[in-house]
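First the structure, in the form of structure tokens, and then the observations on it.
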């Protein structure tokens with residue numbers, strides 16, 4: 001009976017001491033993995049950022065191209081005052097200073113080309 005207790009106590013002490021060593025070893029492994037994970041996450045983040053920038057560039061390029069089927073929006077018609085620096089005349093019109101009529105308004109108007 002006494003030997004059983006001693007054996008049990010010895011096994012218990014060995015299990016606890018080896019468990020602590022494993023715990024410290026596991027902690028070190030976890031630190032290494034988190035450091036590797038951070039570098040992997042940084043790499044993945046940079047890759048995702050590059051893909052998003054490429055996608056954004058494609059979308060902006062598509063927006064800048066005019067479709068034949070799309071109509072022109074928010075343009076100024078013929079004979080309507082326009083801003084010299086930011087003309088928004090419809091296609092086929094140009095923002096020019098008036099010739100005879102409208103001189104007294106001191107403004108630019110949309111005229112046909």
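Using the three backbone atoms N, Cα and C, a Cβ is placed for every residue, glycine included.
According to Swiss-Prot, the feature region 'Disordered' maps to residues 61-82, out of the candidate ranges 61-82, 83-104. Mapped onto three states, the DSSP output places residue 82 (disulfide bond) in strand. The secondary structure of residue 90 (disulfide bond), as reduced to three states from DSSP, is coil rather than helix or strand. Taking Cβ-Cβ distances under 8 Å and a sequence gap of 6 or more within the same chain, the neighbours of residue 82 (disulfide bond) are 76, 88, 89, 95, 108, 109, 110.
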